[in-house]
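Shown next, in structure tokens, is the structure this report addresses.
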């Protein structure tokens with residue numbers, strides 16, 4: 001499981017940072033990639049990665065500001081050509097209005113996509129658990145931005161315990177159907193009368209990962225709720241230390257506020273993104289150091305950076 005940041009800037013493209021988009025790579029888990037936001041130029045950023053567009057099966061939009069959605073029509077059109085050998089349907093999750101935006105853009109431009117797009121739109125009344133599969137659950141809450149904006153919490157369901165094959169061999173259990181029964185939790189009796197208890201040969205379930213992705217927002221308790229005990233919290237950091245007033249006025253957060261959220265939520269790791277173009281390399285390093293005074297395990301991410309979860 002990996003996160004790859006396709007765009008880490010705020011507002012408009014800059015020389016060092018493109019606008020918002022990140023990919024959650026779940027290739028080992030379900031052979032899919034989930035994208036969060038799709039700002040202008042996202043498909044160009046994807047070309048710099050190993051991501052195959054047809055593997056992107058779900059897109060989660062935080063809100064409808066242009067720096068988070070202007071890349072969608074182009075990406076959806078290009079996905080048609082790049083997925084010509086294997087067309088795969090696509091689910092788009094986001095605030096009410098995302099369906100109208102996408103379909104209008106495709107209609108006006110005369111674009112046709114040879115795959116199905118399934119839209120899932122949300123407002124205040126329909127948030128909470130918004131999606132569930134056999135391996136993942138996704139939750140969403142409203143944040144505190146200048147327009148309706150959502151944050152997402154991706155929860156991997158606990159992984160089944162693994163079978164200790166070597167211990168079974170040592171116990172004289174013949175390889176074959178009995179292994180399968182024990183793996184499924186069944187106790188088995190051997191020919192010599194010994195009872196093999198499945199629980200003695202299966203490890204405890206492994207807790208699944210939690211990834212929280214916070215869209216544009218002021219400091220809010222909703223972010224703490226979404227980030228509770230998260231393995232990774234991705235939080236916007238449009239502004240720096242001392243910019244709290246301007247951040248609040250524009251519906252954004254500072255690096256220090258993001259660190260406070262991570263601390264209050266008990267998150268394990270904080271990744272700062274959505275950085276104003278006025279902050280260059282040295283500034284970003286200082287923002288990271290400042291945030292670390294509140295939450296130590298923090299990193300300011302760069303475009304195309306990959307983070308293993």
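Using N, Cα and C of the backbone, Cβ positions are placed for all residues, glycine too.
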Of 123, 124, 216, 229, residue recorded by Swiss-Prot at the Zn(2+) 2 site of 67, 68, 274: 216
Cβ-centroid neighbourhood (8 Å) of the Zn(2+) 2 site, 67, 68, 216, 274 excluded: 10, 11, 19, 20, 37, 39, 62, 63, 65, 215, 236
Secondary structure of residue 63 (Zn(2+) 1 binding site) (DSSP, helix/strand/coil): coil
Under 8 Å by Cβ from residue 67 (active site, proton acceptor), counting only residues of that chain that are 6 or more apart: 9, 10, 11, 12, 19, 20, 39, 40
Inter-residue C-alpha distance, residue 65 (Zn(2+) 1 binding site) and residue 274 (Zn(2+) 2 binding site) (nearest angstrom): 13
Nearest of the binding-site residues (63, 145, 216) to residue 274 (Zn(2+) 2 binding site) - Cα to Cα: 216
